[in-house]
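This structure is in structure tokens; I'll ask about it shortly.
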Amino acid sequence: MRPWKLAKRLVPLFLLFTLVLSGCSSILGDDPSPLNPKGSVGEDQLFLIKLSLFVMTGVLVIVFVLFGYVVIRFRKRKNQTGVPKQTEGSHVLEIVWTVIPLVLLLILAVPMVTQTFALAKDYSESEEAEQVKVIGHQFWWEFQYPEHGIYTAQDLVIPVNTKIAFELTSADVIHSFWIPGLGGKMDTNPGMTNKFYLDAEEVGTYKGKCAELCGASHALMDFKVQVVTQEEYEAWVASMKEPSQAVNEQDALAQGQEIFKAKCMSCHAIDGTQPGVYPNLKGFADRELVAGIKENNAEWIRKWIDDPQSIKPGTLMPNVDLTDDELDALTEYLQSLKLE
Ligand code: HEC
Ligand SMILES: [Cu+2]
């Protein structure tokens, strides 16, 4: 093939690669990501990524340069006939190209194996770590804090600079719990408990995703991680334990509360110390998003209660029959579910 023909084929391919790869960064923008981690686990993993990339790029460059040199230097000349002089066997070369890969493999293997064991450290009995139980559901996340007896959903609240020992399981199919800015992912398997730990070194909001195709709305199974200071965390724990204030009958919210009790309470608890099969709505108004995906404002709350199936196809929240007045009252009531 003529060189320009080859170039004509390769250029579009490289343009396509650039486009595809730029998608990797646009998902997270400047947010923390595996390439810009904000936790010790993510940083250790990034080191391994960089180390292997560095070693492999080095090998690639050297091999291609040698290859190019040989192809050009020993190409068939004009007027050349017959088979060129053949060389066979070289002890020196054979030893060199056996030893170099061995050394490279050692450079890769020693930190990899060491880190694999270090990152598998079990903090589930540790005093200094916070224990969080994660349960994946189609298509939402439940978070339990066994040391505090708290149950919540969609917004994972954790203290900064603290090891979080996760215990992960699933209520239905296999999901995968992933906070790209803090570290690698871990599967949640039905009937099994997986363990791993993460920590965050900066206060802020991080994105979380389900990373295992788990059904129709897998791509919408997002959550948020709120990394807060130790004091804020303790305050959050305390307010999650507070009993929810009852709305009295004269209050404008009373109608919403009535409808909630009649039509929603069978699935949703509003008391943070109650485990539930479905998302616990204690402090729902303080959550970042509705159902992990939509801005938490009156408009989206109303749309969600009116027709969750159109927002998250296949969600286990049914479309409940409600009048416009009831929807307004419920929206207002849900917006009042703030933590003290
Ligand atoms: C049959 C059980 C069921 C009933 C009844 C039900 N829901 Fe839900 N609800 C769910 C499930 C399951 C989810 C999680 C949906 C998802 O994200 O896949 C959910 C999610 C929600 C969320 C989002 C929670 C969050 O943290 O983002 C809100 C708000 C909500 N429901 C409000 C209501 C209201 C108001 C009613 C009454 C009209 C109601 N639900 C009735 C099961 C139910
Ligand atoms: Cu999932």
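The backbone N, Cα and C atoms fix where each Cβ goes, and this holds for glycine too.
For reference, TrEMBL lists these features for the protein:
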- 26-123: domain 'Cytochrome oxidase subunit II transmembrane region profile' (DOMAIN)
- 127-239: domain 'Cytochrome oxidase subunit II copper A binding' (DOMAIN)
- 251-338: domain 'Cytochrome c' (DOMAIN)
- 53-72: transmembrane segment (TRANSMEM)
- 92-113: transmembrane segment (TRANSMEM)
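Describe the structural context of each listed feature in the structure shown, including burial, neighbouring residues and relevant distances.
Across the range of the domain 'Cytochrome oxidase subunit II transmembrane region profile' (26-123), the DSSP-based residue counts are 66 helix, 2 strand, 30 coil.
Long-range contacts of the transmembrane segment (92-113) within the same chain, counting only residues at least 6 positions beyond its ends with a Cβ under 8 Å from a Cβ of the stretch, are 47-48, 51-52, 55, 59.
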For the domain 'Cytochrome c' (251-338), what are the DSSP-based totals of helix, strand and coil residues?
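Reading the DSSP string over the domain 'Cytochrome c' (251-338) gives 38 helix, 4 strand, 46 coil.
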Could you tell me how many residues in the domain 'Cytochrome oxidase subunit II copper A binding' (127-239) are helical, how many are strand and how many are coil under DSSP?
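Tallying H, G and I as helix, E and B as strand, the rest coil: 13 helix, 57 strand, 43 coil.
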